[in-house]
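Presented below is the structure to which this report refers.
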Amino acid sequence: MSDSIKRVVLAYSGGLDTSVILKWLQVTYGCEVVTFTADLGQGEELEPARAKAELMGIKPEHIYIDDLREEFVRDFVFPMMRANARYEGDYLLGTSIARPLISKRLVEIARETGADAVAHGATGKGNDQVRFELSAYALNPDIKVIAPWREWDLTSRTALIAWAEQHQIPVPKDKRGESPFSTDANLLHTSSEGKVLEDPWEETPDYVYSRTVNPEDAPDTPEYITIDFERGDGVALNGQAMSPATLLAALNDLGRKHGIGRLDLVENRFVGMKSRGMYETPGGEIYARAHRGIESITLDRGAAHLKDELMPKYAELIYNGFWFAPEREMLQAAIDHSQANVTGTVRLKLYKGNASVVGRKSPFSLYSERHVTFEDDAGAYDQKDAAGFIRLNALRLKLLARQGR
C-alpha cells in the first residue's frame, strides 16, 4: 500500500485480533513486522505470543516481550496515585494509565529497529486509539501510526475469523463464538466492556468478575493491614519493604480475597459517546484509600483542597491520552511538591468489599490532639478568638441581607 513503510512495530498480544493485524500488515503493506508484547502484570503466560509470532514468520530478534511491571507502577501508577486521580470521581484509570507506557516502548523499539511506523489494535470507536497515538506523536512527531480497524473492511468477528482461516492463522476453538464481553487487564485493574454489559439497566452477571470474590462471599472476619508511605509513595506492607510492583500485587491478593474494588460505571468517552464498563481494581482501591488517609494528617488544608480542585483536570488528561502533554507535567510537578511530607503509616480494615482507614500516623503529622480535645487544652486555643473570626466572615453576608439579597 505504501512504498515508504518497510518495517512496522506492532503492539501484539498473540490473540486473534492482533494476529490478524500482523498478517494484514504483511499482506497489505508488504512490510516486515516487529512484534512487541508488554508484560504489565496482566496475569497471562506471554511465551505463546512469541511462539505464534515465530509461526507467522517473525524473526526471533524481532520479537520483543518486555517485563514492564516495575516501570508501570513506579513511573505511571504511583505518580497518578499521588494525585488521588479518579476520572469522573470514580474510575481509577487502570486502562488509561497503561497506554502511554506501551506507546513509549513502541516508539523506542521503532527507533532501535529502524522501523518506519508503529501499529495498534484499538478500534475506531474507543479511547485507546487516541491514547496510543497522542502518546506516540508526543514522543516522535514524525512517527507513522497504522490503525487497521480504521482501514480494513473486517467489520465483525465472523469476518475476522474467516480472514484468519483464509490466511492460515490458527483460530482457537473458544474464539469461534462471540465472546459475551471484552476484557483488558494489567497489574492495576481488569476492565470488562461490551455485549452482555451494554444495557446499563442490567446488573453485571457474576461470571464477568474474574479478579475479586463476591463481597457477600468474602471472609466473615475483617483483616487489618498497614501500608507505609514515603514522600507520597507506598514502600511497605505490614512492615515489610516492597518494590512498587510487588506491593501492588500483594494488595491485589488482599483485595481479591475481600471482594474490594468492584465498580460498575457509565462513563463519558473522549470520542463523544457514553460507555458502560465494569472495573475491578482490588489493590488500587486499597492503595488509593490509604494514600488519602496519610494525606489527611500530613497535608495543610490549603494544599489538600487545591489538590482536590486540580484532580479532575489531571484525571481527565490521563483519560484523554495527554500523559506526555506539558499541562499534565505541570500539574505533576505541583502534585509531587505537595508530597514532600506525605510520609507515615496507615492502618486499614478490609471487610466484605470495603477498605476503611482506621488509623494513621506520621512524623510530619499536622494533627494536634491538644488543640482539638474536648477536655481542658491548657490554654492551647482560646475559644473567644472564634467570635472575631465569625464576625469578619459574616460581614458580607450581613450587608447582602440588609440589601434584601
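Glycine is no exception: its Cβ is also placed from the backbone N, Cα and C atoms.
Small disclaimer: the values here were computed from a predicted structure and weren't measured.
Of the residues proposed, TYR137, TYR279, the one Swiss-Prot records at the same L-citrulline site as TYR91, SER96, ASN127, ARG131, SER182, SER191, GLU267 is TYR279. Within ALA38, ALA98, ALA138, the residue that Swiss-Prot lists together with ALA11, TYR12, SER13, GLY14, GLY15, LEU16, ASP17, THR18, SER19, GLY121 for binding ATP is ALA38. Comparing C-alpha positions, TYR91 (L-citrulline binding site) sits nearest to THR123 among the binding-site residues GLY15, ASP17, THR123.
Of all Cβ atoms in the protein chains displayed, 16 besides its own lie within 10 Å of the Cβ of GLY15 (ATP binding site).
By neighbour count, meaning other C-beta atoms within 10 Å, the densest spot among the binding-site residues SER182, SER191 is SER191. For the binding site of L-citrulline, formed by TYR91, SER96, ASN127, ARG131, SER182, SER191, GLU267, TYR279 according to the record, the largest Cα to Cα distance is 19 Å, rounded to a whole number.
Using a 10 Å Cβ-Cβ cutoff, ASN127 (L-citrulline binding site) registers 19 neighbours. Set side by side, the binding-site residues TYR91, TYR279 differ in how many other CB atoms lie within 10 angstroms of their CB, and the most is found at TYR279. DSSP gives ARG131 (L-citrulline binding site) a helix state.
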